[in-house]
Amino acid sequence: ASSRKFFHFFFSIESVDYGPVFVQEPDDMIFPTDSEEKKVSLNCQARGNPTPTYRWLRNGTEIDIESDYRFSLIEGSLIISNPSEMKDSGQYQCLTTNTFGSILSREAVLQFAYLGNFSGRTRSAVSVREGQGVVLMCSPPLHSPEIIYSWVFNEFPSFVAEDSRRFISQETGNLYISKVQTSDVGSYICLVKNTVTNARVLSPPTPLTLRNDGVMGEYEPKIEVHFPYTVTAARGTTVKMECFALGNPVPTISWRKVNGHNPSKARLRKSQAVLEIPNVQLEDSGMYECKAENSRGRNVFRGQLQVYTYPHWVEKLNDTQLDSGDQLRWECKATGKPRPTYRWLKNGAPLWPQNRIEMINGVLMIQSVNVSDAGMYQCLAENKYGTIYASAELKILASPPTFPLNQMKKTIIVTKGQEVVIECKPQASPKPTITWKKGDKVLRESKRITILPHGSLRILNASKSDEGRYLCQGVNVFGSAEIIASLSVKEPTRIELTPKKIELTVGESIVLSCKALHDSTMDVTFYWTLNGQPIDFEKEGGHFESIKAQASSADLMIRNILLMHAGRYGCRVQTAADTVSDETELLVRGPPGPPGVVIVEEITDTTATLSWSPGADNHSPISLYNLQARSPFSLGWQTVKTVPDLISGDMESAMAVELNPWVEYEFRVVATNKIGTGDPSVPSRVIRTNEAVPKTPPANVSGRSGRRHELVIAWEPVSEEFQSGEGFGYIVAFRPNGTRGWKEKMVTSSDASKFIYRDESVPPLTPFEVKVGVYNNKGDGPFSPIVVICSAEGEPTAAPVDVKATSLSVSEILVAWKHIKESLGRPQGFEVGYWKDMQQEEAAEKIKTEGNESSILLTGLEGNTLYHLTVRAYNAAGYGPPSTAVHAATKKSPPSQAPGNIMWIQDGSHVSLGWEPVRPLANESDVMGYKVLFRQEGQSNSQVIETQKTSAVVLLPDVGVYIIEVCAVSEGGDGTASPQIRVPSFSGKVALISESVVIIAMLINSVIPYQK
């Protein structure tokens, strides 16, 4: 397989220089005269290469920034320090310039916000009759921009509330009262607020009084304040039109749009004196009528609402590059109401029609452009409400032909039969004339060799005869330039990829071999692809390996192949002249893919009919399907029994059987072929089998201990998995042995595991036949097998007798008792309660025995303390009565003093010991004698000699070192032991040792000193 290659060689230069383009233009600004900032910043920023410079115009005249210290430029922005309305208010424009020309920004209006004070002159009182209408004039002070009017009645902050009788016009500021009442008499003050600075000022008060020459009679409405005859508003703004009338009775105001309906979004405010239209649109234009009406007559005012729109661009200019002598045609289009007119600027100055320049309705045409026409142009679209600017750059090209240096000499290698295009595109203006040469001869065109309209050379079906040196020359009035290209024609490359079609099983391996036949003068490079994409050998987990066998061949090893590795494998061979490729198809057999979604077609109490769509067989037919289910009670997914028992690979439905009723199941299907078992399908939706009568009775029905006259029946609750429906419970049936009728009791809790039947007439240990059944809303299920259970024998009834407490030591008391055997209430054990003499019985500590024990040793008690003790029997039914309390006192503590000044004399294996007697303290037990404890070093068990004297003889039977201790013996136990002494045992020695560390040793032949 081979592919044709199409060669293009480009020679061009792209300029990166351009004229200024606005990034930010100045915006209208209102500056409060009382601002703490004390400076105004009008922003302007443009990009361009070279970097633009900036100038500013005020009211069309350039500002001399150098001559006034108050002006400064930061980048392009104009900063005015200490601005004043007299010097600085007006329209500002930013003019930005670089070597390509200048552009002018939109106009930004600088206004000053202020609010003057009312004249301090006292205002005359206004006197009217009751029932007459009146207008109180505000006469606001000088201000900029808009202000908001309100009126204060008598004193601040008691404001006049507007209603159908009283109205404050936000156009005139006056207060209108259509019909004066006595409650209106008082002093009125006009309060104005600047909308920008929030400054407020109050007018002098205007007194309103009532004349005493009678009451004004009724009269027809007189419209005193109304909107203009022509209202103009920008589209999208909110329009407010006022209308208020004087009259007696108080007139009612209504509105309508003449020849149409009021806009649905229109709202009436201030007792209908104001018609408000938010987000006004062109269709809201028209004649509006305000009508004032009372019982004496009516009055009407009409005015026109005109909605205008600012100019908006529909088509802007684009930067244009023309050769000298070409014609320029630019068109800009804008919409607006009124329809916009157009003006043109060149480099910020007005452009006028001339010999070559024509301007008609937004179209600019310049005939035969030259270098003097280059620059920045702006189209202005304007109506009475605004002006918008569009800018573009015109570049005039006038240059000799040039080529990039890296294209001046080029070597082109192709193979026989290919089409070759050698591009020759010098940058020049005007467009150059192109000529081609091969060697030194001008190239002649033929059917096979042609010069294309843009100057490039095309050679069809290239052959060896086309080899050589080609020269392209471009010429215009400003000069000439040329490039050289060497063309070399080689034999085409051919490749062979084997094997051609392969079928493999998952896990197998394969080697693909790619051989190239190519021109011996060219190197080849091999590339491998899978389904058209390059194989990434690093990311494929070791499955792919590229092996370069020799210079003209390469192998692709695919190890342990996976299903995902199936597809079209391509070998691409690339030389300097051409690229050829070949493909082979690799088919991989594997376990089936997951079947399609499982659909539950029909459900009963124990079956579910399921269907599915087959998944991919991965080139090995599906032999069988396996149906699996999962419920809240199963350990994951389990295979379920089906009908048919074996689901063959051509089936797409089956029935799951032996399901449990009233259980939520999910189902999935797994497919198998001879390669293996595939992944499972997506689980079906969760479904619940239908309810049915329960079939599983409780297990392990047995008796439990209880109180006298009770029959306690216990069982293992039935799992929710086997309850088969709602309303599950138990039926407990029982009867005394040998009787016929069953007594049945309902247990409604599904979690219950015990039932207690109490009957005072039932003797203890009466045998009963017992069975426990199940039921739910669908009906009664089976009973468990009958078992025999005896009624409870009850708790013990007799208290232990002959209770005795004997003190054994400082911390131990032995308690013993006897129990009267009885036929009922047999004890399982006994409980001993004990408490100190100063405590209440409720605080008693308790210790239990099990079985037939008749004594217990209490340990861990306090020494020299009186304890009270009781004993009672217990079994599973409860406790019997306690015995009468007995008393015992623990012994005093053993002596804390250790035997002192121990001395010893050794004679062979006998050691004679002596010590000073121990004298106990007043709160310690008397000394009854002494213990001598001795053991061989390294052993743990000591031998003991008891004596009532303060001396003893110890026999040390074996050779070695012995450790000896002495302690006093008392009723309270053993006292503190003496310090240990170490005695060596071997024959022929006599030694004496004392605590004062004096050692006397007498031997026949030698002296052996020893000290502990």
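Cβ coordinates come from backbone N, Cα and C, glycine included.
Bear in mind that the values here come from a model prediction, so they are computed numbers and not experimental data.
As annotated by TrEMBL, domain 'Ig-like' applies to 26-111, 128-203, 221-301, 311-395, 401-488, 492-581. Feature annotation from TrEMBL assigns domain 'Fibronectin type-III' to 594-692, 697-794, 799-893.
The recorded stretches the domain 'Ig-like' (26-111) and the domain 'Ig-like' (221-301) do not share 3+ CB pairs below 8 A when only pairs 6 or more apart in sequence are counted, and are therefore not in contact. According to DSSP, the domain 'Fibronectin type-III' (697-794) comprises 3 helix, 50 strand, 45 coil. Residues of the domain 'Ig-like' (492-581) grouped by DSSP class, helix first, strand second and coil last, total 3 helix, 50 strand, 37 coil. Looking at the domain 'Ig-like' (26-111) alone, the prediction's average pLDDT is 93. When DSSP labels each residue, the domain 'Ig-like' (401-488) comes out as 6 helix, 48 strand, 34 coil, counted as helix, strand and coil in that order.
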